[in-house]
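What TrEMBL annotates here:
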ACT_SITE  B:Cys139  active site, nucleophile
BINDING   B:Ser21, B:Lys45, B:Gly46, B:Asn99, B:Asn136, B:Lys174, B:Ile200, B:Gly226, B:Gly252, B:Gly253, B:Gly274, B:Thr275  FMN binding site
BINDING   B:Lys45, B:Asn69, B:Ser70, B:Val71, B:Gly72, B:Leu73, B:Asn136, B:Asn201, B:Thr202  substrate binding site
DOMAIN    B:6-295  domain 'Dihydroorotate dehydrogenase catalytic'
Amino acid sequence: MATVISNERLVNGVYHLRVEGDYGGTMGQFYMLRAWGAYPLLSRPLSIHQVNDDGVEFLYHVVGEGTEIFAELTPGDQIQLEGPFGNGFPAVEGKVALIGGGIGIAPLYYCAKELQGSDIYLGFSREAFRTEAFRPLAAELTVDVGGLILDRVDFTSYDHIFVCGPHPMLKAAQLKGIAAETTGKRPKVYLSLENRMACGIGACLVCSVSCRDGQRKACADGPVFLAEEVLFHD
Amino acid sequence: MPNTSATIAGVHFKNPIVMASGTFGFGKEYGKLYDVSLLGGISGKGLTLHAKAGNPGVRVYETASGMLNSVGLENPGIEAFLAKELPYWETLDTARIVNLGGNTLPDYVQGAELIQRDADQRALAGKPAVDMIELNISCPNVKEGGIAFGVKTPAAQEVVRAVRAATKLPLAVKLSPNAEDIAEMAEMCEAEGADAVSLINTISGMKIDVRRRSSVFNNLYAGLSGPAIKPVALRMVHQVAHRVSIPVIGMGGITSATDIIEFIMAGATVIQVGTYNFMNLRAGSSLVEELQQFMHDENISSLDEIRGIV
Ligand SMILES: Cc1cc2nc3c(=O)[nH]c(=O)nc-3n(C[C@H](O)[C@H](O)[C@H](O)COP(=O)(O)OP(=O)(O)OC[C@H]3O[C@@H](n4cnc5c(N)ncnc54)[C@H](O)[C@@H]3O)c2cc1C
Ligand SMILES: Cc1cc2nc3c(=O)[nH]c(=O)nc-3n(C[C@H](O)[C@H](O)[C@H](O)COP(=O)(O)O)c2cc1C
Ligand code: FES
């Protein structure tokens, strides 16, 4: 059990949760959280937004039963965390772009802190949030509301690109990575996938991802995958 | 300390808490969180003769007090299991159960033969081997095989008879709640020489996405597990335990020591814990402790005192 330090509403439906304790983790890893007893049944995976000496932070979007309960948390409340799980983003060198769509910006803040001086692209459908926290960490910060953030990124000018966002955005990023390759510039594109999970540790196989070399587990082999490895079926 | 141990066909279970197939992998992942040798046993992820990729699309959906899964028996195949996972099992002090699935009758038979051959070699080398086969004729998530064998008694009988002939290892047959007559099915297993019956597997269920106007699962239906199915599972265990004299391995929605006691009182010899492993990653170790505490508080010195008491 851990104690909630704060749970701040940033904009409508988006919250910034800070939890006290000695919680580690690298960029792109996640925790399985629950702030209830038996129901809802499954814990909810949330990416690490940042880790520091006080504890660990999350940024989450309220979409259903579980995150609605998270939104009710106030300082001093108890919450259960298991983790950190997953592989996380690789530590890379060279020119890096971080691209986040909506709540997909959550894991990128930790990346931005670890890889200072990246170009950061944040796209939102309606309302931007948390963008000012990214500004001091970015070589260049591009924020877009209502458009397609990927249209603002020249994939050929980066060595490494980290992407987290909704499913269609991940597929589009994969295609842009492949297109960039044909120009001779070959950025390594990494995607963070958000498959439904049950165990979060690699035991149940409900989070399976089809990859070139067969089935992989989003929770244990991912959530970060090299874009070219993933086979998107739909 | 209360005596929690049980024996099935010579296989010793230090306590009745066995982790259910498909919810515990091969134990390695949970082994990082607690000492899985505390457990009575582990039933590994369902294996088929050849590796299986499982079902595409959404594989899990939460329901009221339960979950639907459509994993579709994704597994590395028996040979990969024997080479890569069994060495880890060797290091454990717990009953090792292989859950065997299949698409066709020859698949099941060849699978059982492979496991038997490996066990023979290990016995010669003095190494720990698989302790028991749990024959899964009840997976609702694979189109061919699986459940097709588990619904009608004559179809099931053919598989059980063939697998019984293919292995000397203790054999438990895992029954489906979707069977036409589960008690009749269990009696058939006993008659065919099964050493135990396991029940229940998941119950066939469904979830519709009303906006997309379609089932959320590519396979249309999926398997329901978790506390939602516990009353059904308990009734079936009770029913079957009163019809057969071989041990019953009971499961379905167990999340507490009192749930375990209910199954034992209904007649189960040992129980399995499935979905609860996802609700509490340390389910195994906490249940072992809870059960001891419960038996102590209730003055139960041995599970034999209460087994089948209802
Ligand atoms: C590795 C990983 C990291 C994530 N990081 C974040 C994050 O940092 N911030 C954030 O807001 N969200 C994140 N998500 C998505 C988040 O887990 C879901 O939004 C959340 O589980 C929804 O729960 P709910 O009870 O509110 O929704 P419900 O719709 O009531 O949930 C029902 C079930 O569906 C699952 N589910 C629903 N939506 C998703 C989804 N998009 N992805 C995966 N499972 C889902 C739930 O876990 C639950 O089991 C992440 C998902 C994964 C897999
Ligand atoms: C994700 C998942 C995968 C499963 N895979 C298997 C399997 O491979 N073989 C099998 O016999 N049962 C399988 N089962 C069924 C469980 O072993 C168990 O019978 C069932 O879930 C009921 O128990 P529970 O309510 O405690 O989960 C699976 C269940 C779940 C939830
Ligand atoms: S969530 Fe269980 S294997 Fe990934």
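Each residue, glycine too, has its Cβ placed from N, Cα and C.
Just so you know, TrEMBL annotations are computer predictions that nobody has curated.
Since we're looking at a predicted model, the values are computed, not measured.
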Subject >> Neighbourhood of B:Lys45 (substrate binding site), C-beta criterion under 8 angstroms, separation at least six >> reply: B:Ser21, B:Gly22, B:Phe24, B:Gly25, B:Phe26, B:Asn75, B:Asn99
Subject >> Candidate with the highest Cβ count within 10 Å, taken from the binding-site residues B:Gly46, B:Gly72, B:Gly252, B:Gly274 >> reply: B:Gly252
Subject >> Residues B:Lys45, B:Asn69, B:Ser70, B:Val71, B:Gly72, B:Leu73, B:Asn136, B:Asn201, B:Thr202 [recorded substrate binders]: greatest CA to CA distance in Å >> reply: 16
Subject >> Distance check against B:Thr202 (substrate binding site) for the binding-site residues B:Gly46, B:Asn136, B:Gly252, keeping those with Cα within 10 Å >> reply: B:Gly252
Subject >> Sequence-ordered binding-site residues from B:Gly46, B:Ser70, B:Asn136, B:Thr202, B:Gly252, B:Gly274 with Cβ under 6 Å of an atom of ligand 2 >> reply: B:Gly46, B:Asn136, B:Thr202, B:Gly252, B:Gly274
Original post:
Taking the Cβ of B:Ile200 (FMN binding site) as centre, how many other Cβ atoms lie within 10 Å?
Top reply: 28
**OP:** Quick one: among the binding-site residues B:Ser21, B:Ser70, B:Asn136, B:Thr202, which has the most Cβ atoms sitting within 10 Å of its own Cβ?
**Re:** B:Asn136
Original post:
For FMN, with binders B:Ser21, B:Lys45, B:Gly46, B:Asn99, B:Asn136, B:Lys174, B:Ile200, B:Gly226, B:Gly252, B:Gly253, B:Gly274, B:Thr275, what's the maximum Cα separation in whole Å?
Top reply: 19
**OP:** Would you mind pulling the DSSP three-state label for B:Gly252 (FMN binding site)?
**Re:** coil
